[in-house]
Every structure is written in structure tokens, then in C-alpha cells.
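Asks: Quick one: this structure, given as C-alpha cells, is what I'll be asking you about.
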Amino acid sequence: MVWLEIDEREKSSNNGFGGSVVNGGLVYPVMTEQQIEILRHQIVAYTIICDQLVDMYKSFVAQQDFLGLEHCDPLMASRAHNISSRQRWAPTHAQLQILENLFVQGSGMPTKQKIKEITNELAQHGLVIESNVYNWFQNRRARSKKKKRSASQQSNPESEAYTLKEKKGQVVLSE
């Protein structure tokens with residue numbers, strides 16, 4: 001049984017909990033032997049569960065490495081901010097400069113291997129994953145095409161002008 005020793009002030013206010021006098025001090029039982037044994041079993045069970053979770057995590061990471069998938073190590077998240085699936089990637093200025101230079105130099109979408117290389121290079125300047133790099137190139141290409149289209153429309157405004165025509169009694173838009 002685990003006992004709790006009570007100081008002199010509390011000895012006078014014995015609230016009827018049946019304390020015992022040991023070595024001149026009043027002590028009260030906190031846990032019975034049965035409760036202590038149950039607590040020991042629970043601690044052992046939680047230890048086993050924790051060990052199994054660690055093994056599962058190691059297996060998961062090893063499987064991702066084998067498949068060549070990127071993963072964020074939650075144990076490393078304390079040192080670097082982890083990008084979750086709901087958070088947006090905010091590239092650093094250095095990362096943006098590298099990406100813009102590569103976009104201007106390159107032609108089209110980079111290969112998977114090239115994206116891995118770019119990701120490793122960008123990782124020196126901040127947290128980034130391969131899908132961020134892939135999406136950045138897709139978005140940058142789309143912005144570039146849109147910019148070219150709008151520039152050509154401004155130089156030749158009549159090419160995209162719409163006119164109203166009457167067709168079978170209805171007014172329709174046509175180019």
C-alpha cells in the first residue's frame with residue numbers, strides 16, 4: 001500500500017479517513033496494493049503499444065523509401081516546420097529565384113528525376129517536397145501561357161472581338 005504523510009497542521013483536522021501513525025506522523029493510504037498492480041499492468045500495456053507504434057512507423061517509412069515516395073518525418077518536424085496536406089507551401093526568395101531560373105532555361109515540364117534533383121537543391125533553402133515543385137512548374141507554365149494569350153489579344157484586339165448576330169430569331173454572340 002502507498003501511504004501519504006500529512007504534516008502537523010493536517011493532523012489536527014483528521015477528516016475521518018482512518019489515517020495511521022507511523023514514526024510519529026499521520027499517514028493515509030493513497031492506493032491499495034490491488035490498484036498499484038493494475039497500474040503496473042496498464043504501464044506495461046502502454047509500453048507494448050508504444051513499441052508496436054514505433055515498429056509500425058519504421059516499417060511505414062522503410063516502405064515509402066523502397067517505393068521512392070517522399071515522406072515528412074514527424075520526429076524532424078520539431079526542427080523544421082512540417083508542410084501538411086492542408087497547408088500551402090510558401091517558397092523562400094532563394095527558392096523562387098532558383099525555380100524561375102530553371103523555368104526560363106528549361107523547356108516544358110521537368111522529368112520526375114529532374115524534379116527530385118530540383119527538390120534536393122531547394123531543400124537547402126527551406127522545406128519543400130516534390131509535389132510542391134511539380135505544382136509550381138505546372139502553375140508557372142499556365143501563367144506563362146495566359147500572359148502570352150493576353151499579350152497577343154492586346155496587340156490584335158479585333159481577333160477576339162465578339163459580335164452580335166441574329167440567328168433564327170435569336171441574338172447570339174459570335175467571334
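Just so you know, glycine gets a Cβ as well, placed from its N, Cα and C.
Straight out of TrEMBL:
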- 84-148: DNA-binding region (DNA_BIND)
- 82-147: domain 'Homeobox' (DOMAIN)
- 143-175: region 'Disordered' (REGION)
Asks: So how many of the residues in the domain 'Homeobox' (82-147) end up helix, strand or coil by DSSP?
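Replies: When I sort the residues of the domain 'Homeobox' (82-147) into the three classes, I find 45 helix, 0 strand, 21 coil.
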Asks: Summarise the model confidence on the DNA-binding region (84-148) as a single mean pLDDT, whole number.
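Replies: Per the prediction, mean pLDDT sits at 89 for the DNA-binding region (84-148).
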